[in-house]
Each structure stands twice: as C-alpha cells, then as structure tokens.
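K.L.:
Here it is, the structure, as structure tokens.
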Amino acid sequence: MLFLDYLRFLAIFGVIAFHLHDTVAYATPWFSGGYLGVDIFLFLSGYFIERSLSGIRDQELLPAGRYFFSRRLLRIMIPMLFVTAVVGGFSYSQNMPLWKDMLYSSLFIYNFYLVFHHIPYFQVYSAPHPFMGMWFIAMLVQLYIVHFLLSRLVANTVVYRLILVILGAVTLVGTSLLIQQHETNMAYVLPWHAFSYIGGALTMALMGQPGETVRDRSQDLVVLVTVFALLLLMLLAPYRDFLVYSVATVVLTALFVVAAQQSSMLQDKSWPLLGKLGEMAYSLYLWNVPVISFVHYFYPQNPVFVSVCLSIILILILSLITYSAIEMPVQKWFGKAPRHGSGSLVSAPVMLLLLLAGWGWYALAGAQSQNVHQREL
C-alpha cells in the first residue's frame, strides 16, 4: 500500500507548514489548518495498528505482546528518544533549562506535561519549545498500548467493533464538551483526540485486509477531490473549535484510503520523491518543531522567507540523517525493508537542498555581519 506514503507526505507537509505559520509566518493566514495533518497521522496509525493486531489475534498473550512491542512500539520509541537526547543536549549547551521537558518526553507523557503546566499548544512563542511536538508521539504510545490491550481482552469481533464505535463517540462528545469549557488544549493533546485514531481502526476493521482490486478510473477523481479538499482545509481552517475540521479530515482521509486502492493513478504509477518523503514522515515530524523553534529563537530578526527556507532545509537534512542512521537500521533489525528506493530521483533533490543549505548559511552570516556593523555605527 505504497499510496499511503503519499498521504503521509501530505500530512507532514501540513504539519510543518502549520508550525512555520504559528511560529515564523504568523502574520499571514496561510496554513492555519496545517495542524490537521496530525489527524491524518492519527487515522493512518489506527488503520495500521488495527491491521497489525488482526494478524496476531490468535496468538498467545506473551508472543503477541512481544511481537507488537518490537514491531510497533520500539520503532517509534527509539528514533524519538534519539531526537530527544540530541535536542536536550543542544538545549543544555545553550543554557536552556529544558530538563523537565526532556524527562516528560522520554517517559512518553509530554501531552500531560503540557496540560499540567498550562502550556497551550496553539500559541506563538517568543521562547523556544523544541519538545512541543512530542505530545503527539506520547499520545500515540498511549493509544497503541490501550488498543493492544483492548484487542486482547475482547475476543468477539462484533463486540470489539461496537466498543470502538462507543469509544469514538465518547471521545467526540468529550472533545466537544472540553472545547465548550474553553479547555481546547486538553481536548487536543490528551487522548480525547483519539477519535481520529479510532476512525482509522474502524475503517480497517470494516474493510478487512486488502486483496486483489480492480482498477477504476472513476476513483482517480475521488482521490483528486479528497486531496484538494484536505489541502484547502490545511490552508484555511482555523484552529479555534478544531473538532469540526478534524472530523472532516477523518472522513476525507477514509474516502482517500478506500478510493486509492482502486485508483489507477496511484496503483499503476510511481511517485518516488513523494513516496520517500512520506516514508520519512516520522523523522520529519520529530525534527520540525525543534528546528523551527530554535531558528526563530536564535534569529528572530530574519526575514520570514529566510527563516522559512532555513528551517525547511535544516529539517530535511536532520531528518535524512535520522532516517538513515536510526530509522532504517531499526526497521532492518525487525525485518522491514524500505518501501521506496533512494535512486537519482530522490538523491538529486537532496543534493540541491544541501547546496541551498550552504547558500542559506552564507546569506544568514552576511545578514548577521551587517546587523553587527550597523550596531557599531
């Protein structure tokens, strides 16, 4: 199902654009809805975890738990702990007291840290919060564990699906009530946000394992319409009362997943660069908040265009390093091969980005020198 990597690319594109909008380019209205990329990620996570759990439902508890922990949890824990250590070490070297953030991030409870310390997610910061994005990884780990336990405790398929529906309804109602009580932060970063994840799990449970599909060109139109609608939401949706837009994103994502399996445009054609970036989406997510927050903190006087370009280039470079040195070895360790190759169509843009990075640092150094010279005059 390589087409899901294209959806991952769309999701991470929205998330990075949102954090750039929220931190650097907040004077412009574009990509105020990029946070909806998180709902796409949650949907896909629920979809894949449900597929994984359905394959081990007949196994004993210990073998199933060992398989699930190694194949799913460790694959997201190890890269996240690596990035946490690097960001924490850099913060310490810059005399930034972020050890509490690092601790809660390492324990996979950073979403609760944000709530306990009244740190709103939807806010422009003057001080760096490089661990801010770790709330999502923490919530994923929490949902994975609950999902696994639920699948082991409820053997009856009908009852299991009914419980998923009830949990989805409860999280939707709970989120709505919290928003009405002006507790948007709690509604967004705590497992009340699980309705998107549950939507993916239910889609997988109802569809079953994908088999042979007949190509239907009419599904190409459905794919294009859903992608256009998702992009439109990411461009314009406000984050006040996010629930309506998150639910719309879940519905559109489900339509995309169903239609894409019969789409000749996605099944018969290859989009290697988008696919590879989608496969790297996890590393891109881990680095986007630390890089953007540090660039904004250390170079607040930069023109918006320079800060945006510098942030994107640094995110891509650090993500390539993390993906190659951490993610790929971990996946290989658990017997998982890369889904997309790294041929010239992928390496050529990477080389271009490295050249742009050199130009960015040169331009930045020149701007800093000019500022120093002006202050001396």
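Every residue gets a Cβ built from N, Cα and C, even glycine.
Per TrEMBL, the feature domain 'Acyltransferase 3' maps to 3-323. Sequence annotations record features per position, and here TrEMBL assigns transmembrane segment to 34-53, 73-90, 102-119, 131-150, 162-180, 186-208, 220-237, 243-260, 281-299, 305-326, 346-364.
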K.L.:
Where, among 220-237, 243-260, 305-326, do we find the most CB pairs under 8 A to the transmembrane segment (73-90)?
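P.N.:
Between the stretches 220-237, 243-260, 305-326, 305-326 has the largest tally.
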K.L.:
If we skip the immediate neighbours and take only residues 6+ beyond the ends of the transmembrane segment (243-260), which ones have a Cβ under 8 Å from one of its Cβ atoms?
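P.N.:
For the transmembrane segment (243-260), the far contacts come to 3-4, 7, 33, 36, 39-40, 43-44, 47, 172, 175-176, 179, 187, 193, 195-196, 199-200, 203, 207, 219, 222-223, 226-227, 229-230, 233, 237, 266-267.
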K.L.:
Taking 3+ C-beta pairs under 8 angstroms (sequence gap of 6 or more) as contact, is the transmembrane segment (34-53) in contact with the transmembrane segment (162-180)?
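P.N.:
Per Cβ check, the transmembrane segment (34-53) does not touch the transmembrane segment (162-180).
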K.L.:
Does the structure show the transmembrane segment (186-208) and the transmembrane segment (220-237) touching, where I'm treating 3 or more Cβ pairs under 8 angstroms (sequence separation 6 or more) as a contact?
P.N.:
no
K.L.:
What is the pLDDT of the domain 'Acyltransferase 3' (3-323) when averaged and given as a whole number?
P.N.:
88
